[in-house]
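Undergrad: Please find one structure pasted underneath; my questions will follow.
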């Protein structure tokens, strides 16, 4: 057997992987052994798409190249010998020219923080290439119009279905995708920089695309090597281990017969995508790549069915089932269902066999196993030194878990075309309809039946019922139910009995989340299937086309999460944007594209972890406590290959003499320790930092850590607000942060006609899910100095903490932040821990140290949004006017105060959007043994605004009036606004500036709204199993202006460098600052400054260059940074005016050259502070959302959302629009799907993309309309602008409120059949907490609605 290293081509360049770790992934190789940093580590699970690349393989025999997208974080380098890889830089770049995909992403304003954009670019590019390739392989299709691809608009939406973005809300990304689709109406595309609003959309104005331009070409040199080498070597030596590439099953078996391997040291791989689910706990030194065995990739078609080799990818299997399946409905529906498994770039490499092996060996909740089980599939396996066996899939799944010596060879799916009366359906319930989410339950049913002419129902002759993912070891057949149904004529009573039997079969194992919900789902799916075989079972046919709504129509199921393969849920995304542009301050006010957007799309934009590792760099990973309250007695490591890579562990004892054990500090509110010492006070607290030679070794060694705990003499942990109340465990709120009550509550309550006492609502936490996890790189320097590059929203505070921890003066510490890959508050105080830990390690070891947290550690340590429990008592008149409100609120702050004492003020501020008459509250900030909660986008305001809506809806249901009536009745007038908001409302001198009432009436008090509400009611009257709701929610949001520095320097060539205290985190700060600089210096230019835009560069934040930088938080940093820059420019203009007057008309460059020759100072620094009489102002908006809820599954589709937001005189409407849409969709996640779960010790267990589900392209509104209105000018605001970053998040509660209306309709429907929802009051008034996940919605609709309906139907027809 020969020996060789893997050879790959990356963007056309040859690389030989010599001396690399055999477990090295392609992503690690790209980022450490090549100059290409476009692929990012977002999750390490194949769940986000940030690492996507295009892989190309060459078949020398056929002289054919195949290309596909893949997750480089899962793909092992050793499996890519003689492959070509194309990254986002290879698609296009600043030197060779940007690709149309990159330019369109930039032009459609589809990149904000930019961390996800290279992966988006690769996914779109791959989809375009695949569509063009498929079209060329088929019979000659009609030519596409010039500039378009073969991609359809529907396929374009799916192209990025596996890619996550936390910033944009996806709408502009989808527009960029669909701009390539031949069937798109260009007029439907949103705001872009290619044609102005109102101009005719024209394909010729888009960056030209040609499907003949194949970027991902396969290098000729690699083809030559492949032809001459004959393929991959049998053995490849890589660093500390070996890769084996057997060419036959016999060769595979011989490897084991020679006793070279044991179960622990060897890993068998075909694609390695399983490591995204089941992480390697240790390193392996031997890998066997079975993908080179031809028999495992074979596909055989016969009259009996299709035999698919175990190493065939899921994508290839889908293609075969669609094309070779002919008229076989079973094959087509299996293919459709498989398209919901994982994401495109995972399906392209993940194998059918690997998925089934994981289901058999590791109890993986496989969709594929369930679907193939119902289809009657068989498998062929072979063990070492044994004969081949053909087993039914059911037999195989029931066997003891396979070992590494058992090889799954193929899967055979029978062809059912020769049978008459076959009905086959598959179902799955998951938070995302396009896939990329594990099912709560999946099921597949196949029945052979005949129609009974007399009854019109079907007689079941044979049936197969398969269920999976409900909490069992593997997919199962419901044999008892099958036996019962055989020979039965399908009727309500038969289905009812089948359902009762099923509930005894589908039994989730102990510890399974939402067990009752999963059983209910199984019942719902069996009901759906069997009711299609019964005649006259439902007198309300599910046909939404009969009842159109204001946004879209649909056929069958429209929910985005639980679908039958024959249902149409994927309505196209449509949108509309309305805004007013102004030329008064041009280029300020223009919707110019984001600075550096093309660089972000190409992957050339540099984030902290993209900085090349310096010589002798070490890497760190946190070891954290899994116990909520315990003494740390010691840290040891399991004996393993990973633990051998440990260099040292940095703990509290390594803090320099004179330094403090401090990891974060919020000014005036308190510190949090960097290291647990000597007691860990919460699960997830940092105990130490493992230092190793590579980041991967550090990660794996940290997993091998064994912590010795001792709980003697310690009180039990306080984990909940209830525990905190019992132990009187609270943080004090400083007087200056305490909200003030309004009016006399007791007096106002006595005037009420009606009272609600002790209403309750709970809100969970939310994780930031910035795409770039916490990261830092520390360089030790001379004289006890240190430089730290970190991803931080507060570089100045980070400098403070690092200096305190090291015990050095502040001027010894330099913090540099160029750009941040998403923040949302999570890169404020939480970023300081990583930066400080890096600094301590680098200071101690005198070597550079880098840390980039893996997603799980980041999620466990991050803290997130504050969970809370609210109780309220409210009094109101019979006409709906509220007279008094008392709020009793318990906030879970975690172990340290951090930002938490400021949360009550924010909650009450948002609550005050309504005039409550008298307002009183008792708010406790609870100290608990969980990770400290921190500021997250709209901290406190998001919760307060929602609590207000919950109260108003409770009042409305009590009075049996429309909720909008109560909302409108209790909106402020100018007088009450000033009573409730005081100084924040000082600028609202007239109704034109207090725009909330106008906005609300524009949405909710119009004939159009009444028409839509009537259509919703009509739909609900004609649809039993789907219900719609519509709701309009107003918001107010007070923001605070803070001092901000700015520095403008004009260089001798006329280029301009600008520094500001704010950090670019995706909010468009650099773009607005660039526009403001051009405007403010425009007085010196003949064209008014627009020509200066290309001369301006905003440079990175540097705490030794720009002091008093402050915080990038609170939504006002962009405008205050702009004002500081305007002030600097004003001084420069005054200084340069005499030169300009003498010089007359001159080009900018010549003019500046003259000024320089005249020794004019060409730099100016300003520190802007707000007017003491105007330090805050109000923001207003409203949103109407319409949703559809599937009563059987709890799945929700947002049919339409209309947002109107008062942006003042927008500094950049495109940027502000992106902020509004992104905030709204992030809010949708908080209010609906993002379930933040912990174990009994408070340790976060929803700690990755597999368990924590942020919104994706398939969960945003199907019709997404946004209008930015420009209200009256105000001289105290920056060019009359307003904030846009945080306030729009509150509008997402309109989705939750609409869901409540739909659920209320369902409860009314099924109250008539008895049981389940209690009395009439409970039907309309019910507690609906946050988030309203699928299980929560289904429970509120009724877990037993199927049984109740069947019982009622059977009784009425008996």
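Heads up, the Cβ atoms here are built off N, Cα and C, so glycines get one too.
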Undergrad: Pick from 484-511, 512-539, 540-567, 568-595: which stretch is listed in Swiss-Prot under region 'Disordered'?
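TA: My reading of Swiss-Prot: the region 'Disordered' range is 540-567.
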Undergrad: Please list residues from the chain of residue 48 ([2Fe-2S] cluster binding site) whose Cβ is under 8 angstroms from its Cβ, counting only those at least six apart in sequence.
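TA: Within the chain, residue 48 ([2Fe-2S] cluster binding site) has Cβ neighbours under 8 Å at 42, 116, 119, 163, 164, 771, 1249.
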Undergrad: For residue 51 ([2Fe-2S] cluster binding site), which DSSP three-state class applies?
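TA: Assignment for residue 51 ([2Fe-2S] cluster binding site) reads coil.
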Undergrad: What does DSSP call residue 73 ([2Fe-2S] cluster binding site) in the simple three-state scheme?
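TA: Reduced to three states, the DSSP call for residue 73 ([2Fe-2S] cluster binding site) is coil.
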Undergrad: Taking the Cβ of residue 43 ([2Fe-2S] cluster binding site) as the centre, count every other Cβ atom within 10 Å, in any protein chain shown.
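TA: Cβ-Cβ neighbours of residue 43 ([2Fe-2S] cluster binding site) within 10 Å number 26.
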Undergrad: Would you list the other residues of this chain near [2Fe-2S] cluster - those whose C-beta lies within 8 angstroms of the C-beta centroid of 43, 48, 51, 73 - in sequence order?
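TA: Those within range, site residues removed, are 27, 40, 41, 42, 44, 45, 46, 47, 49, 50, 71, 119, 1249.
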Undergrad: Are there any residues at least 6 positions away along the chain from residue 51 ([2Fe-2S] cluster binding site) with a Cβ closer than 8 Å to its Cβ? List them or say none.
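TA: Spatial neighbours, sequence-distant, of residue 51 ([2Fe-2S] cluster binding site): 27, 39, 40, 41, 42, 71, 72, 73, 119.
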